[in-house]
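These notes concern the structure reproduced below.
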Amino acid sequence: MALFQKKKYIKINPNRSIIEKQAEHPEVPDELFAKCPACKHTIYQKDLGKNKVCPNCDYNFRITAKERLAIVADKDSFVEMFTGIDSKNPLDFPGYPEKLAATKARTGLDEAIMTGVATIKGQKTALAIMDSTFIMASMGTVVGEKLTRLFEHATTEKLPIIVFTASGGARMQEGIMSLMQMAKTSAAVKRHSNAGLFYITVLTDPTTGGVTASFASLGDIILAEPQSLIGFAGRRVIEQTVRQTLPDDFQKAEFLLNHGFVDAIVKRNELRQKLALLLELHTEVENV
């Protein structure tokens, strides 16, 4: 009889505990679902569609400039202009160059606004789209320069212009240079207007600060997306200044429509058709 016997063990699948753990707490990819900020429903991304509108409450999710371009412009019609203009750091603001570089790498944009020329249902127009994923689409010197150049190009070429606004206001890292863009862009809008040309602004969530106080409010026709936040100073600042409680819907697109600041509120899936119609109505047709 052997003094030592080989012990027998029951083999257990080493991955079993991991599998059981995953079954109890399955990992769901972050990009598969989205939570609506308004109704708090969890929505399957595919149900949002390319318009990114909540199917439960019609809340308009914030979208990038490239996503909006795909919704509004004719396919492959957009020709981007005035790229390669870089922001400087006039105040030597700590960390600003690094922030710009990181944001450019993350978004694939060179600045907070895309500018160029496109067609919408065959109607040619100059087009600018702000992108809130780029430092909250704050207006610095490059945003002001690109927009000014676009208005000058539209004036020379006798083109209408459409600007989609979305901004947290002036870019604090550029100080007074940023604030000067309000006057600069407004002057360019005025020259375009003096030439008898058509200008549409579409206010999207959020449009605030110096952008609201300048070119966003100067459109011949001002449209807005539903429930967009539109204003200059923040609600809390205003309440502390005037010492009054403001209405719940204060600074919402619907409030502004009721008080004459906005001409119409247009659903995102109807914007393309509405813009094409407005361009057609305001385009001169040469007599044949």
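Just so it is clear, glycine is given a Cβ too, placed from its N, Cα and C backbone atoms.
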Among 36-57, 80-101, 102-123, Swiss-Prot marks as zinc finger the stretch 36-57
Reading the DSSP string in three states, the entry for Cys57 (Zn(2+) binding site) is coil
Fewest neighbouring Cβ atoms within 10 Å among the binding-site residues Cys36, Cys39, Cys54 goes to Cys39
Taking the centre of the Cβ atoms of Cys36, Cys39, Cys54, Cys57 as the Zn(2+) site, the remaining residues of that chain with Cβ inside 8 Å are Pro37, Ala38, Lys40, His41, Ile43, Pro55, Asn56, Asp58, Tyr59
Over the domain 'CoA carboxyltransferase N-terminal' (32-288) the mean pLDDT stands at 95
Sequence-ordered list of residues in the chain of Cys57 (Zn(2+) binding site) that lie 6 or more positions away and have a Cβ within less than 8 Å of its Cβ, or none, is Cys36, Ala38, Cys39, His41
